[in-house]
Amino acid sequence: MSSKGSVVLAYSGGLDTSCILVWLKEQGYDVIAYLANIGQKEDFEEARKKALKLGAKKVFIEDVSKEFVEEFIWPAVQSSALYEDRYLLGTSLARPCIARRQVEIAQREGAKYVSHGATGKGNDQVRFELTCYSLAPQIKVIAPWRMPEFYNRFKGRNDLMEYAKQHGIPIPVTPKSPWSMDENLMHISYEAGILENPKNQAPPGLYTKTQDPAKAPNSPDVLEIEFKKGVPVKVTNIKDGTTRTTSLELFMYLNEVAGKHGVGRIDIVENRFIGMKSRGIYETPAGTILYHAHLDIEAFTMDREVRKIKQGLGLKFAELVYTGFWHSPECEFVRHCIQKSQERVEGKVQVSVFKGQVYILGRESPLSLYNEELVSMNVQGDYEPIDATGFININSLRLKEYHRLQSKVTAK
């Protein structure tokens, strides 16, 4: 059979993408396996050997950890991005980072196709493909889990396991695996299996990135986090003097400290982009600390009315990231506006990390809008209390008129 061409497969080494690699070869494609190192615990050399053994023409293992932090996580920190008030977007942020490098490899290798193992029911298929089409409009995407010849053949995990046995694909898991996991620097997500019943509590052994808060140390770690333009540039542990200043090391250290204290666990039901609700359990240790610390320094340094507008932009940014529109013109516009809002977000925040919680202890900034003398109950300063009378009268006018009308309506 003549080759249909080369396809760059986003390969994880797990059951799905290992089977997809072999299946793509069956369909006549030359497969280039691409594995992104985005901070997950993985034996990358073992994954390389496995992909080559399964017939990959080439294997690329790309370390994108630093760019993931600086180009994706930092904008999320600046925006205080939360999807549906709770989700810090760990998976959502990783997908455009992974897919961007996948497209670069495809262009470099002259491959017309890219492929992924995302299911036809989830968000990741959208995130991967919108990135690919944005960066390489001519690219063709092979999405096996949306192709009848694939999903009719493999109706579930058991069928994949049987296919793996037939083709000598070494798989470390069994059909009884109780949930699926996805890990990167930002977080670990757990879903599917026994977690699909939203009433089922997460088993104690599920969590791998954070300590059980009840078993966490009995004394807190106090951290000082320094921000410039809304981005963390330095973290210092007040207890032992440990300091980190480079983006990747800083973020990894916060993961370590927060994980030790059980910070960053959530169990939620969220609305997927395609319309269904899903249950997800997430551990986001460093991201949780930075979310709270950044909120604090931002409130300390940013004008009230600017912050109201910025909060709306942050909500829109979270929605765009979650739904896969990282490379859209509207997301570029929102990111630019948020970055503008962060120009004066500078200073240091002290936080206590303890038993699953992050407590703000204090903050300082050379650009603070906080005026201690003006706000003091003991010093009058430039503020005339009598001026508040007119302020209240003007603001009460609308309320008086509204309730005057309501009284007339009620009387009728």
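Heads up, residue numbers simply count up from 1 along the chain you see.
The backbone N, Cα and C atoms fix where each Cβ goes, glycine too.
L-citrulline binding, as stated in Swiss-Prot, involves Tyr87, Ser92, Asn123, Arg127, Ser180, Ser189, Tyr282; the candidate among Glu104, Glu196, Glu270 given for that site is Glu270. Taking Lys112, Lys215, Lys239 one by one, Swiss-Prot attaches N6-acetyllysine to Lys112. In summary, of the candidate residues Ser219, Ser328, the record from Swiss-Prot lists phosphoserine for Ser219, whereas the others have no such entry there.
When you go through Ser177, Ser365 in Swiss-Prot, the residue listed as phosphoserine is Ser177.
A Cα-Cα distance of 22 Å separates Lys112 (N6-acetyllysine) from Thr119 (L-aspartate binding site). Recorded residues Lys165 (N6-acetyllysine) and Asp16 (ATP binding site) have their alpha carbons 13 Å apart, per Cα-Cα distance. Fewest other C-beta atoms within 10 Å: among the modified residues Lys112, Lys165, that description fits Lys165. Recorded residues Gly120 (ATP binding site) and Ser189 (L-citrulline binding site) have their alpha carbons 18 Å apart, per Cα-Cα distance.
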